[in-house]
């Protein structure tokens with residue numbers, strides 16, 4: 001079929017010649033049955049969702065409990081980001097660095113072009129214009145995803161500002177990121193489709209210099225919703241390096257004191273370490289309130305006043321379901337319960353609701369994420385996949401900050417880094433200065449989780465929680481953070497802190513209750529910013545004593561809190577070789593500022609008790 005005979009190509013709702021020629025080129029290569037330009041309307045969402053129900057991809061949920069919501073069950077081989085198949089194809093291998101997979105870009109283009117040839121046969125090719133961040137921004141970051149997955153189109157409406165408004169923003173010649181996606185499952189005449197098409201061959205490829213994303217073979221969230229990690233972190237981090245800003249794997253939280261003063265805090269944690277829970281914090285301290293601006297990604301630019309301002313480029317939440325419940329994150333539950341949600345790989349109850357491990361209730365019978373019968377206390381496997389997800393509109397969140405759609409963003413007072421560590425790392429530490437804060441972030445260690453392939457439980461270094469998401473060399477990335485500090489007024493920069501909610505005692509109990517009680521740590525952070533709270537100087541930074549924290553009304557043993565705050569110099573001396581191994585791995589591009597910080601830490605620990 002030539003492009004001239006592919007229905008839909010000749011009725012494009014745009015005169016953008018660059019877009020039109022790209023769409024035609026892709027259609028000629030992939031050979032879809034038809035081309036549809038997505039408009040982002042509610043009607044389109046309903047129509048495609050109904051189509052997915054008919055295809056067996058979606059199950060419509062109980063409308064009384066989850067209005068306009070659906071459950072999708074993926075192929076068991078397509079359940080998470082595939083870091084081993086994710087590539088940064090920079091022109092030079094050194095620019096991808098040691099943390100990324102690299103292939104020569106011309107070789108990768110040849111290889112993937114062969115995969116794309118005819119790959120949409122029997123399917124509809126959707127052209128999905130979208131904007132990351134508010135449409136009213138001075139420099140809106142636009143993109144177009146071409147995909148053969150209705151699941152992607154529906155999810156992109158939730159996760160991005162998608163459709164006609166984004167297309168109009170592009171005008172006739174505006175720049176956009178080209179994001180090409182196919183599930184890699186062409187259909188021959190008469191061939192029946194499967195509920196979750198995908199391919200055993202998977203590539204998620206980024207070309208940072210040309211700002212392109214090519215994805216093949218996976219229908220799963222992070223591999224297929226190309227506005228998310230692919231654009232908002234991997235491509236955007238390369239843009240940010242070139243343009244002097246930061247694209248980071250961070251939540252954005254607004255804390256409001258009893259005096260009604262607002263503080264905006266950005267926090268970077270690896271996946272499944274409590275980002276969404278902190279983003280939707282429900283403070284337990286009287287008089288304190290919290291609102292959310294985002295749970296996953298922050299773009300930070302300097303304002304005219306010299307402060308760092310953050311926006312959330314996303315439009316929805318794509319949260320890990322297991323462990324989310326009315327105690328751990330009531331605001332996430334309220335957001336989901338408002339409806340318009342796409343669940344993936346959770347379990348289905350007999351009355352058309354969803355369930356996952358950690359959710360209240362003990363259903364006796366379920367259909368699990370693989371579509372099999374599941375019985376309480378009889379079936380040995382989990383009912384929901386550990387990386388199962390909910391995809392839900394941000395606008396439904398009951399504690400959404402009114403500034404969430406402000407193109408100017410919000411001024412950041414503190415940046416938090418955090419990971420999941422049973423030992424060594426105290427509950428909260430304040431960095432000595434910006435460069436020390438960058439060192440803390442660059443050497444962040446966390447026990448591995450189910451959000452990516454790999455062995456659960458291993459501690460891996462995850463700089464700024466960006467290990468899987470840096471679009472260029474890790475050494476250059478860390479140097480960019482240092483340069484952000486050097487090129488600004490340090491008095492206006494956010495204060496940097498490190499938190500660890502997950503420290504355990506010798507009996508393996510969590511020493512800190514976490515969840516809403518984390519507001520007590522946040523209060524100390526705010527009071528440090530205001531120079532109102534005490535703290536103890538330690539070799540790793542300033543750590544509060546038990547007396548420095550507001551523990552009034554806390555149902556916890558002060559001895560446990562003291563242990564959670566402890567800085568054990570011997571444990572840290574044992575940590576030094578692990579940090580050094582990571583710094584050696586970064587290699588020749590390791591910033592001298594980071595080496596200086598490491599040497600200074602060794603010196604401070606040498607004489608510490």
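Placed from the backbone N, Cα and C atoms, the Cβ positions cover glycine too.
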Report task. From the candidates 234, 241, 420, 421, give the one listed by Swiss-Prot for the same GTP site as 272, 273, 274, 275, 276, 277, 389, 515, 516, 517, 518. Result -> 420
Query raised in the report: Do you know which of 47, 60, 81, 573 Swiss-Prot groups with 220, 221, 222, 271, 387, 388, 389 in the substrate site?
Result: 81
Query raised in the report: Hey, for the Mn(2+) site built from 229, 249, 296, who else sits with CB inside 8 A of the CB center?
Result: 228, 232, 233, 271, 297, 469
Query - Residues satisfying Cβ distance under 8 Å from residue 276 (GTP binding site), sequence separation of at least 6 - result: 251, 295, 296, 317, 319, 320, 324, 329, 332
Report summary line: residue 389 (substrate binding site) falls, by three-state DSSP, under strand
Query raised in the report: If you skip the near sequence neighbours and keep only those at least six away, which residues in the chain come within under 8 angstroms of residue 229 (Mn(2+) binding site), Cβ to Cβ?
Result: 81, 222, 468, 469
**Report entry** Alpha-carbon spacing, residue 271 (substrate binding site) to residue 249 (Mn(2+) binding site), which is rounded to whole Å
**Finding:** 9
Requested in this report: Take the Cβ of residue 296 (Mn(2+) binding site) and count every other Cβ within 10 Å, whichever protein chain it belongs to.
Outcome: 25
Query raised in the report: Reported as an integer number of Å, what is the Cα distance between residue 387 (substrate binding site) and residue 517 (GTP binding site)?
Result: 25
Query raised in the report: When you look at 81, 220, 221, 222, 271, 387, 388, 389, which the record names as binding substrate, what is the longest CA to CA distance in angstrom?
Result: 16
Query raised in the report: Which residues does residue 249 (Mn(2+) binding site) neighbour through Cβ under 8 Å, counting only same-chain ones at least six apart?
Result: 233, 268, 296, 297, 464, 465, 466, 469
